[in-house]
Amino acid sequence: MEVVVERLQGHNIKPSVQRIAIMKYLMEHRTHPTVDEIYTALSPTIPTLSKTTVYNTLKILSEQGAAQTLTIDERNTCYDADTTPHSHFLCKRCGRIYDLPCDDAIKKVVDTDMDGHEVQEIHYYYKGICKQCKED
Ligand SMILES: [Zn+2]
Ligand SMILES: [Zn+2]
C-alpha cells in the first residue's frame, strides 16, 4: 500500500482511497487493463466506485506520468503502470497485449530533428498473431 501512495504522491496526485485502489490494481496487473476491466474488478470492494471515476483517475495517472495510456487497440483504451520505454504487441486473435523490449535504435528518434516540436510521448505498436495463438 505504501509503495502505491508514494507513487501517487511522487507524481503530485492526492492519494484518495479510490485512486490508491486503481493505481494498485494497475501495478499488480501487467495485462494492460481497460476501464471496464478495472471497474469490474474493483467495484465489489468499492461499491461507491463509478466508471467515470475510474476513467477520470486513469486520465490523471497518465497526465501526471504515473501510468501510460495505450491506444493500440482501437476498440479499447488500455492502461499500463510501466512507464519505462517499451513496445507493445497486440494479438489480433485473442486481444492480449504483450510487453516487448524497445530497441535502442528506436529510442534514438528522440534525438532526431522534430522541427521545433516537443516530443512528450512515443508509442511503438506491433500487431499480429501471438505465439500462444499460433500454437493452436
Ligand atoms: Zn493471441
Ligand atoms: Zn506495457
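Cβ atoms are placed via backbone N, Cα and C, with glycine included.
What TrEMBL says about this protein:
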type	residues	note
BINDING	Cys91, Cys94, Cys130, Cys133	Zn(2+) binding site
Identify all same-chain residues not among Cys91, Cys94, Cys130, Cys133 whose C-beta atom falls within 8 angstroms of the centroid of the Zn(2+) site's C-beta atoms; report them in sequence order. Lys92, Arg93, Gly95, Arg96, Ile129, Lys131, Gln132, Lys134
So if I measure Cβ to Cβ from Cys94 (Zn(2+) binding site) and keep only same-chain residues at least 6 apart in sequence, which ones fall under 8 Å? Cys130, Gln132, Cys133
Once DSSP output is merged into helix, strand and coil, Cys91 (Zn(2+) binding site) belongs to strand
Please list residues from the chain of Cys91 (Zn(2+) binding site) whose Cβ is under 8 angstroms from its Cβ, counting only those at least six apart in sequence. Ile97, Tyr98, Lys127, Gly128, Ile129, Cys130, Gln132, Cys133
If you count Cβ atoms within 10 Å of each one, which of the binding-site residues Cys130, Cys133 comes out on top? Cys130
